[in-house]
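What TrEMBL records for this protein:
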MOTIF     1-29  motif 'Q motif'
DOMAIN    1-29  domain 'DEAD-box RNA helicase Q'
DOMAIN    32-205  domain 'Helicase ATP-binding'
DOMAIN    233-381  domain 'Helicase C-terminal'
REGION    370-531  region 'Disordered'
COMPBIAS  374-384  compositional bias 'Acidic residues'
COMPBIAS  390-403  compositional bias 'Basic residues'
COMPBIAS  413-423  compositional bias 'Basic and acidic residues'
COMPBIAS  432-517  compositional bias 'Basic and acidic residues'
Amino acid sequence: MSFADLGLSPKVLSAVQAAGYETATPIQAQAIPYAMMGRDVLGIAQTGTGKTASFVLPMLTKLEQGRARARMPRSLILEPTRELAAQVADEIEVLGKQHKLTVALLIGGVSYDEQDKKLDRGADIVIATPGRLLDHFQRGKLLLNGIQVLVVDEADRMLDMGFIPDIEKICKRLPFTRQTLFFSATMPAEIQRLVNNFLHQPARVEVAQRSSAATTIKQRLAKAPVEAKGKREVLRELMRAENVKNAIIFCNRKKDVGIVLRSLQRHGFNAGGLHGDMDQRTRTATLEGFRDGSITFLAASDVAARGLDIPAVSHVFNYDVPIHPEDYVHRIGRTGRAGREGFAATLVTPKEIKAIKAIEKMMDQEIPWLDGEGLSENEVEEAGSDDKGGRRRGRGGRSRGGAKKSAGGGSDRAPEKAVEAKSEAPVSESAKPADDKPAQKSVDDQPNDKAAKSAEKDDKPKKGRGSSDKSSSDRRSSDKSSSRPEKSAKSDKGGRNDKSNKNDKKKGDNEKVRGMGDHVPAFMMRSVRPS
Ligand code: AMP
């Protein structure tokens, strides 16, 4: 559909033309007319559909009337991450070129001073992460009663990151007469509740099921071993394919982002990393580098890479199968954008077979294996497939011992142990500065440098005895079985009791290694008297 039919102002139309947008995308064609009528809109759309312009263009048209006053912004866009907020600011810069509007970007990880100044001068548009917006509000630097248009973008990601209470707080402080444009890729019950409470008879527009991936993306599965070193080898092989121009490599955990990144760099790949614990300056610089091509590969976590709009990503590699099927669609959506060809390969270990099945079920589509065969039932059975996270383990966690870990050998134990210890820790984007608040359910976990370093050693080129000895001692210290004798020694200290006797059978192996254990040297068996 042509933009000219959507009721936008001439100024906006000429900006759209200058931006090179020829026809409106389906979400734009559906949402813009309602927004132009002043209706509240509930847009169910994911990134890559052009949804940003679907709220920016009507907003720009509306803001042509009137002027901003000091500390009283006229419109507010809430984004779950700093990157998304910055991305929307970029799009407004392009589309609002002729409008000369003041845009304040209120995100964490950067000083308050500049943001305060912008607000004092009077911002037409505030783009903010919820935590930082509330900080400004509570510091008295911002009044919310001049807001005419509120945009809540990526609401389901806000939910994942624990921002819903903040959004509710913000909504309650906005004028009742405002217009609300609300976007989410999925509609879980909590989001529906928010919509019911804060939107007024919204027009519901929906463009694509969350389960669908762009048809321009070629998807493949690659067999990978559970053991981390072998898994990284498979990844490198995939990355060396001829047509890989640049790629995002997704890991489920922050710690693995670091491990994979350092491993890739050691192997000569031009790589950068992106995860929620990085400071803002590094994140921005890394992203810039990836955008302008000075960084070819980006190892990233879901939270950090959510919704990144980098138009020409040739490949996405999933180092881990995402725990939540819908994350798969988001991840692979970083490639094949704006009608380009894209390629997404997912490493699948025998433990992750259930998770990949869940993704296939959600998409109602089988993803072909690169080798044409996939994993045999034996391989899967031997490794004991991880089920899809969730109840037993919490988000992002790994098995706490239910699944056999035998397939991996020693080298990936250290990181797994670290995950066991930390997987329940609430982390996010926001487990850092004051801006983006707590995340009850974020996928990232805390980095664990010690574990990461020990795993890293495993794929360093062997430099001789010294280094390999060290890494094996690291492995030993993280090996559960080797720590058992210590435990039983402790219990012995306090004297043996009934309970410990009962446990003797269990501890059998450890008890045996005391003294000579079961092994009786032959000379002791010899009779002292000559027969
Ligand atoms: P979004 O879903 O808002 O993240 O947009 C994804 C990408 O599509 C961005 O790079 C936009 O600049 C681009 N885009 C948005 N609308 C259009 C359009 N009508 N025609 C072409 N590209 C567009």
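Cβ from N, Cα, C; glycine included.
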Outside the motif 'Q motif' (1-29), six or more residues from its ends: residues with CB under 8 Å to it: 36-37, 43, 45, 49-51, 53-54, 57-58, 60-61, 64, 94-99, 205, 207
Secondary structure composition of the domain 'Helicase C-terminal' (233-381) [DSSP: H/G/I, E/B, coil]: 67 helix, 26 strand, 56 coil
Averaged pLDDT, computed only over the residues in the motif 'Q motif' (1-29): 93
Per-state residue totals over the motif 'Q motif' (1-29) - DSSP helix, strand, coil: 17 helix, 2 strand, 10 coil
